[in-house]
Structures are given as structure tokens and as C-alpha cells.
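Student: To start, I am sharing the structure in question, which I have written as C-alpha cells.
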Amino acid sequence: MKAIVFAYHDIGCVGLNALAEAGYDIQAVFTHTDNPGENRFFSSVARVAADLALPVFAPEDVNHPLWVERIRELQPDIIFSFYYRNMLSDEILSLAPQGGFNLHGSLLPQYRGRAPINWVLVNGETETGVTLHQMVKKADAGPIAGQYKVAISDVDTALTLHAKMRDAAQELLRNLLPRMKEGPLPLTPQKEADASYFGRRTAADGEIHWQKSAFTINNLVRAVTEPYPGAFSYLGQRKLTIWRSRPLDLVHNKLPGTVLSTAPLTVACGEGALEIITGQGEAGLYVQGDRLAQEMGIVTDVRLGNKPSNTLKRRTRVLILGVNGFIGNHLTERLLQDDRYEVYGLDIGSDAISRFLGNPAFHFVEGDISIHSEWIEYHIKKCDVILPLVAIATPIEYTRNPLRVFELDFEENLKIVRDCVKYNKRIVFPSTSEVYGMCDDKEFDEDTSRLIVGPINKQRWIYSVSKQLLDRVIWAYGVKEGLKFTLFRPFNWMGPRLDNLDAARIGSSRAITQLILNLVEGSPIKLVDGGAQKRCFTDIHDGIEALFRIIENRDGCCDGQIINIGNPTNEASIRELAEMLLTSFENHELRDHFPPFAGFKDIESSAYYGKGYQDVEYRTPSIKNARRILHWQPEIAMQQTVTETLDFFLRAAVIEKTAAPKDELNA
């Protein structure tokens, strides 16, 4: 069987040797010239080809018509690509009757794209592998001929994992190539719903953000240590590179980046601490961590972090309208952990954000967006990123106060959108999973799913269509007037500070808060229509991390994008959520402060929400955009979220009871 080979790197050498060993008639080898700016730790495909007496080429553009014609003249039966860095055109792939096959360094459909070995380490994966798949127009998306799994240990680095992948590629090809000579293999289509895509990495991506967990930072160190440029941070203007590290489960009260000790050299992280085992100063030697501290004059309580700019760089100003709300206060906390941001906020209350009021990077005014229009316009003009988070987003209000929902959620927010257009400011707008309505797709896709709502007499859809219309207006302003925007769609975010029990008492809260109130007060848990409706519950910390990356907007990756933010693996019915809450409630240390459980009570939606309500059976997000654009993946299990949310409300309820007047307690 005549083959044309496109190859580079060690895997390219493995592939070339495997084809020769399997007896393929290799007509030509295409590779790349050496890049003098690259640390070449891998073998040369050109040398292997020369040793095998094969013709080898390194064209600037292999898809040029001249090269396409030369390949046509060779009449290949099959084409192989082994870590070749450029996409092959459809015209080239059509020249081989058996098609083209690519060897990719991951277990597709996960980790499509560039640098999969580095990315799996960055993300803390415990397993990866190699995949031989048919090449199609879309990168790394073709049907699979075979895979070989590789375990990732806690101490693997990019180099050690690369060696494992090289061995795995050898085993996979030894198994598949002889069989492919005999005839076409059965191919397995990839599941697009499971696909994730990652882009190329640069040396700048090795910068350490100390507010992340020690586990996450250690994964970065492993992913970019030698032969790559390394993970790095700064002590003032001086750069230090960390080559080896160890995460420590250490409790501290220091700011992220603070040096906790110099022997061993240990640095505080957002969660835990990182021990620096070996490192290197900018002009120094590769040394042990304690020696590095001596050479660079690192002392306890000094902070490592970003390189200070020679010119004072202004912080990015973020305006959050509705800053005291659930998303607003959690987002503020995340932004203030990063020295690059300054937050301006407006809301009608301040109970949830009182912990930030002493922070010099936080500026708050108590007010109503329908009244303080001049203040809002001034601050839109002053700030860089605008997040209008004010909205009525509780289902009972959609039927109880539909006009108020329209006035606030649409009309007031439209003014803000127009001010963003007027002053050329970027808006990050909270769309909603509700816009999908009764969509009949299994997963709701931002770019292809239909937005289906009920008849006019079902007033519950006024929230959905208000948000949808704003989405369309924002999109149109982007197309016609260059408005910079990102639309994000939260799917049932949960966590501490979601609503409050007083809101639940008047029925104006989310489902979990209402369920917790029933437990706290000893009233039956009301399950609307039996609680059969399924939702995908997302931990607030997962959601906020995705939203933070949208605000960060590296290289403008989020401009003009619509991004679902949800956790498809945390799908559960409302009844299952209630049962999970009940179990956690019965096992909680404060259980004795509350009345006995009063049971479950099924209730019709019309009796609970009123006339004009209509529900949907499920609401499952596709998160391919979030994975591809943000390199984000939800991590927190639903049980943890439920436990933490319940704990927050139970402690608040106990404090409320303790503070209540005696006559009220005896009533």
C-alpha cells in the first residue's frame, strides 16, 4: 500500500518507523524545518527519513497547488499525519482512496487542538492517550480507528508524559497499521457533545496566578517544566522560574503569593500552599528552593506576583449593577482577589457586600437603577467592562408581576445597553437558560438551538422573551455599530448567599432556598407537579470562574460570543434535589435547632405559581463554547454545593432565631 507521510516531532519518528516496519510503500515524507527559537528536545523526522532512504520535503505551504499536483502524481493509497503542525486541505486528502489518518495526542473527542499533553497536566487529568482517527475538514473531529490509554501519575511532567505517549503511539500503530493494509477498519464516530478544544500555549501562559489553589499551580509547573520555558512569577521586577514543586494542604491566613517560609521555600496560594523544590533566578543557576531564596533575597512575608509595570498601569474598572445580588457579590469577591481590577457597584442593599466596603478597590453606592440613571451613565463612561446584573429572575414573579418583569428586565437594561453603545464600552450581559424555553434539543446549543416559548396567555414566558429580545438587540448593535459584547447564560447556579429566607417566605426565591425554608420552619416541602422537572445545577464557584475568564477576555476570545455556563453532569430533578437536601439536613450539626421534617407535598403548578405558568421537563446545556473559548470545565459535585448552601442558610437561621425578641420567640 502506497503511503504519503506528514510528520514531525518524536511521534512523527515513531509513526514513520512503524509504517516502515509494517511494510508500507512510503512514497514521500513531508516535515518542517527546524525552528531556531524552539528548544528541540525531540528526534528529527528528516534524519529518520534519510536513514530509511526516503524522499523528504519541508515546503512552506504544502497545500499550494504545485505541491498538491506533485502528491497527485505519487498516487497514494493512504495518507498519514503524525504530529504534523499544519492542516491538510480537502484537496490533498481526496487524493488517497483510503483517506487520511492523523495520530492525535489525546483520547478524542477530549482535548482537540494544540498542546494536548501540556493541557491535560494543566487541568489535572489522571488519564490521557493517543488516538488514530480519519481526517475530516474540522480539526481532530473525524471518526476513530483506535485508541491507547495512558495513565498520568501525580509526578508526571510534560517530558515524562511525552515519553509515555511515544510508547503508547508505538503500541497503537503496531496493532492498527498491519490491519489497515488488509482493508478499511471499522471507524467509530466521535461524540460531539463530549468534545473539548484547546488552543496553542505560549511561554507567557506559564505565569503563576497565586490566587489559584496549590494543586492547580503545581499542575501548571508540571505542565511547563523543562524542556518547556517553565512556570514563573516575579519578586518585584525580578523573574523567578519554578521547575519542581509540591502542593501542601496547609491552612493559612496570608494573601496569595505571600512567602510563608524560606526553608523550605513555601508560598501561600488561594487554597493551600506551594513548596518550591527547585527553581532559577533570571540570571542564576538551577538550584534548590532554599538556595533560590538566599540568592534572590526572598524573606518571609514578601509577596510574589505579577511583574510591576514601569509605567503605572490602571486597573480595569468593572461596573456591576446589582452588585449585592447572588452573582454580583461572588463576582466582586473574585475580582478583588486580583490586583488588576477595580469594582464599582450599585444596588438597593449592601448586606451581602458589607465585607468589601473597606477595600480601596471597591466603590459602592446604594441606589436603584430606575432612579440613578445619571450616576449609571457617568460610570458606564468611566468604566471598562459593564455587567448589568439587575433583574427579576424568580419564576413566581413572571406570573405575579409580568409588567414589572418587563420594565426592569428589558426597559431599564436597554438603557444600559444603549449607553454602552454611546460610550463604546464592553458589555458582559447575563442572558439566561430560560431563553431556550421549551427547546426540544437534548442539549441546548448557543449557536444552533431553537428558542421555543409558549402562547401569549402563558405569562411566565415574559422573562424569557425579555431576555431573548435584549440578546438580539445586543447582537444587532455588535454587528451594526461595533458594540463589544459577550452574552453568558447561567444554568441554575447555586451556593451560599443565593436569595435569603425572607424572600422565600413571600415565595420570591429560587427552588433550593424555598426547600430550605420548608425544612427550617417545619412545613411540608412543596413539590410543584411532583418535582419531576430536571435541571443541571452549577456551583457558584464554578460559574464565577467562567464569568471571571469572560471578563478577562484574553486576546479578545470572548468578543461577540454566547456562552452557556452550566454543569451537565449535575443533572437532577427537583425531587432529587429535595431528597439530597433532606439527607444533609438530618445529618447537620445544627439539626436540633429546627422542627421535625413535615414530609413532601405534591402541588400543581397553577396552584403554586398562579394562572399562566408553564414549565419545561429538562434544561441541559451544551458547554462546548465554554470549554473551547474559556478552557473551562465545571468541577464541583452537586452534593458539595447542596451541603455548603444548606450550611449557610441554617447558620443564618440560627443567628436570626438568637437575635429575635423574646416575645416573638414565645408567640
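The backbone N, Cα and C atoms fix where each Cβ goes, and this holds for glycine too.
Annotations per Swiss-Prot:
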ACT_SITE  His104  active site, proton donor
ACT_SITE  Arg619  active site, proton donor
BINDING   Arg114, Val136, Lys137, Lys138, Ala139, Asp140  (6R)-10-formyltetrahydrofolate binding site
REGION    1-304  region 'Formyltransferase ArnAFT'
SITE      Asn102  site 'Transition state stabilizer'
SITE      Asp140  site 'Raises pKa of active site His'
Student: Far apart in sequence but close in space: which same-chain residues, 6 or more away, have a Cβ under 8 Å from His104 (active site, proton donor)?
Tutor: Arg112, Pro116, Val130, Thr131, Leu132, His133, Asp140
Student: The record names Arg114, Val136, Lys137, Lys138, Ala139, Asp140 as the residues that bind (6R)-10-formyltetrahydrofolate; what is their largest Cα to Cα distance in Å?
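Tutor: So the maximum pairwise Cα distance among the (6R)-10-formyltetrahydrofolate binders is 17 Å.
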Student: Mean pLDDT over the region 'Formyltransferase ArnAFT' (1-304): what is the value?
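Tutor: The predicted confidence over the region 'Formyltransferase ArnAFT' (1-304), as a mean pLDDT, is 94.
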Student: Which chain-mates of Arg619 (active site, proton donor) that are at least 6 residues away have a CB under 8 A from its CB, listed by sequence?
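Tutor: Set apart from Arg619 (active site, proton donor) by at least 6 residues yet with Cβ under 8 Å, we have Ser433, Tyr436, Phe444, Phe491, Asn492, Lys534, Arg535, Cys536.
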Student: Using a 10 Å radius around its CB, how many other CB atoms surround Lys137 ((6R)-10-formyltetrahydrofolate binding site)?
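Tutor: That number is 10.
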Student: Run through the Cβ atoms and count how many others sit within 10 Å of the one on Arg114 ((6R)-10-formyltetrahydrofolate binding site).
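Tutor: Excluding its own Cβ, the number within 10 Å is 16.
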Student: May I ask which residues of the same chain, at least 6 positions away in sequence, place their Cβ under 8 angstroms from the Cβ of Asn102 (site 'Transition state stabilizer')?
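Tutor: Expected: Phe80, Ser81, Phe82, Leu132, His133, Gln134, Met135, Asp140, Gly142.
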Student: Have a look around Val136 ((6R)-10-formyltetrahydrofolate binding site) and count the other CB atoms within 10 A of its CB, chains all included.
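Tutor: If we count other Cβ atoms within 10 Å of Val136 ((6R)-10-formyltetrahydrofolate binding site), we arrive at 16.
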Student: Enumerate same-chain residues with a sequence separation of six or more from Ala139 ((6R)-10-formyltetrahydrofolate binding site) and a Cβ-Cβ distance below 8 A; give 'none' if the list is empty.
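Tutor: Those within reach of Ala139 ((6R)-10-formyltetrahydrofolate binding site), by Cβ under 8 Å and sequence separation of 6 or more, are Met87, Arg112, Gly113.
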Student: Across all chains shown, how many C-beta atoms besides its own are within 10 angstroms of the C-beta of Lys138 ((6R)-10-formyltetrahydrofolate binding site)?
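Tutor: Around Lys138 ((6R)-10-formyltetrahydrofolate binding site), other Cβ atoms within 10 Å: 13.
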